[in-house]
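**Q** Annotations for this protein, taken from TrEMBL, read as follows:
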- 39-126: domain 'Inositol-tetrakisphosphate 1-kinase N-terminal' (DOMAIN)
- Lys48, Lys97, His193, Lys225, Asn322, Gly326: 1D-myo-inositol 1,3,4-trisphosphate binding site (BINDING)
- Arg132, Lys182, 214-225, Ser240: ATP binding site (BINDING)
- 148-342: domain 'Inositol 1,3,4-trisphosphate 5/6-kinase ATP-grasp' (DOMAIN)
- Asp305, Asp320: Mg(2+) 1 binding site (BINDING)
- Asp320, Asn322: Mg(2+) 2 binding site (BINDING)
Amino acid sequence: MRLHGEVSFDEDEEEVVMVPAAALSSPLNGGAVPVTKFVVGYALTKKKVKSFLQPKLLLLASPEDFCENRKKGISLVAIDDTRPLAEQGPFDIILHKITSKEWQQVLEDYHEEHPEVTVLDPPNAINHLNNRQSMLAEVSDLNLSSFYGEVCTPRQLVIMRDPSSIPTAVAMAGLTLPLVAKPLVVDGTSKSHELSLAYDEASLSMLDPPLVLQEFVNHGGILFKVYIIGETIQVVRRFSLPDVNTFDLLNNVGVYRFPRVSCAAASADHADLDPHISELPPRPLLEKLGKELRGRLGLRLFNIDMIRELGTKDRYYIIDINYFPGFGKMPGYEHIFTDFLLNLAQSKYKKCLSGG
């Protein structure tokens, strides 16, 4: 596994041969017919297309990019959602981030008929992250305590309805103020990533269910975004919510609402920070965490929002997991992602030659 995702190109490296889906089901001439186009169909929202399919990515992926030893041969094809999926393609990979149930059913039906097509990622696995009640369940079951650090999740409570019942529910659950409130459902909209911070018991009834309440953990105002693309991991620092002290609790009342935090504009990678706060989580811990979550979630494209508890060196909390996040905000994502697709192509080709 590689961290920080640096992709190098060896001038003497042999070019990888790729085979499209149509060729995988046809006889190969002695198992060695080279085909240089690998077809990736994508079904993305307009916003996602704009942020993800940036010019450098398209240039690196393009079959017409003949820069020495950098020819990827990846053909990115938009899927037309007004036409039956079976009439489009053939595809080697379908890359998608559309949350409607109709699309999920279309994709599941298509994959049943075309199991040779790799779907990034399976809709049933993605659904696990679309609900914050189930999102962190796999993390809670992990046992990652080691000399590299401890990974856990904040104590949380799900509120489905009736805001007036929230103060009693919080008291019965034994949660400690302040509490972070997040929408229960993650549907890809900016609203589903908005946060509220409730300082006092009386303000809890001002919240709008359905939602998840998480105990706030002081973390020096720094969040680690851990991007995972296949087996590659890259970590960036982002500014987050500021710490809350006793003075804040005594002098603040009500609910403070925040737009989406930890966006690219809030990058903390080049800020002058206390090293004890800004130090990245240990690589071995991230490798183990990434491997465990890839297996448990059944996903290859996601990111983890992680914080380190203030005053500790090795106690980490995972507070969110997102499918197919804003990779366009990740430095060098173009090389990382095309390399990931290329590795999938190579694995598929080898499997074809071996008769698997």
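Any Cβ shown, glycine's included, is placed from N, Cα and C.
Distances, neighbours, how buried they are, the whole picture for these features please.
**A** Per-residue pLDDT, averaged across the domain 'Inositol-tetrakisphosphate 1-kinase N-terminal' (39-126), gives 87.
Cβ neighbours of Asn322 (1D-myo-inositol 1,3,4-trisphosphate binding site) (same chain, under 8 Å, six or more residues apart in sequence): Leu129, Val186, Phe302, Asn303, Asp305.
The number of other Cβ atoms within 10 Å of the Cβ belonging to Asp320 (Mg(2+) 1 binding site), over all protein chains shown, comes to 21.
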**Q** Taking only the Cα atoms, work out how far Arg132 (ATP binding site) lies from Lys97 (1D-myo-inositol 1,3,4-trisphosphate binding site), in Å, as a whole number.
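**A** So the alpha carbons of Arg132 (ATP binding site) and Lys97 (1D-myo-inositol 1,3,4-trisphosphate binding site) sit roughly 18 Å from each other.
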**Q** Nearest to Phe224 (ATP binding site) by Cα, among Lys97, His193, Asp320 (binding-site residues)?
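**A** Nearest candidate: Asp320.
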**Q** Could you measure between Lys97 (1D-myo-inositol 1,3,4-trisphosphate binding site) and Asp320 (Mg(2+) 1 binding site) for me? Cα positions, answer in whole angstrom.
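**A** A Cα-Cα distance of 18 Å.
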**Q** Report the nearest neighbour of Lys48 (1D-myo-inositol 1,3,4-trisphosphate binding site) in space among the binding-site residues Phe216, Asn218, Ile222, comparing Cα positions.
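**A** If we rank Phe216, Asn218, Ile222 by Cα distance to Lys48 (1D-myo-inositol 1,3,4-trisphosphate binding site), first place goes to Ile222.
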